[in-house]
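Colleague: For reference, the structure I am asking about is given below.
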Amino acid sequence: MAKVLYITAHPFNELVSNSMAAGKAFIETYQQQHPDDEVKHIDLFETYIPVIDKDVLTGWGKMSNGETLTDDEQMKVSRLSDILEEFLSADKYVFVTPMWNLSFPPVVKAYIDAISIAGKTFKYSAEGPQGLLTDKKVLHIQSRGGYYTEGPAANFEMGDRYLRTIMTFLGVPSYETIIIEGHNAEPHKTEEIKATSINNAEKLATTF
């Protein structure tokens, strides 16, 4: 039995968002095909994720020195630890994000910062940093209003490229994507684009 974290980063649901519609289709099909697997939904817009700020950095330093943390430091550090442990407990991750300003919503970066911890998800060595998530799988479902997979705007896309890069850095050997794009560039194709992405999601769910 595998544990899947279904991590969504969109303020709207599948009735409004193309990425959320594809994500819903994927996870429903996945659960049908893998009834014994555990799926946990994490809505990043409804989840408290402390940003790494002065309290967090100071708290980590105090922990290393065996010093007492303030209430705010303890609360933030403990919450980040809980997020990390939940992430480590899973076998597969499904990220669902829109493209915002060439990347993804800032809550995704906050989440990535929470789980990118030396000694837990990667380590330093004489040969350089080494990822520790060598038995995990990732799927990223991303919706883009324009066309960024190829063409003149391809080099501007920084969301999926960043997520792929950080997951590779953390040692993840399997990273797949479902890209939904072009519905703003060609509004008359919106329903076709959405239907294709849902079909792709349902197909991938059988083998992920």
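Note: Cβ is positioned from N, Cα and C throughout, glycine not excepted.
Below, the features straight out of Swiss-Prot:
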BINDING   Ser17, Asn18, Ser19, Met99, Trp100, Asn101, Leu102, Ser143, Arg144, Gly145, Gly146  FMN binding site
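So that I understand the layout, could you describe where these features sit and how close they are to other parts?
Modeller: Its Cβ taken as reference, Gly146 (FMN binding site) is surrounded by 16 other Cβ atoms within 10 Å in the chains shown.
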Colleague: In which DSSP state, out of helix, strand and coil, do we find Trp100 (FMN binding site)?
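Modeller: Trp100 (FMN binding site) sits in a strand per DSSP.
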Colleague: Which residues of the same chain, at least 6 positions away in sequence, have a Cβ lying under 8 Å from the Cβ of Trp100 (FMN binding site)?
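Modeller: The answer is Gly159.
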Colleague: In the three-state scheme derived from DSSP, which category covers Ser19 (FMN binding site)?
Modeller: helix
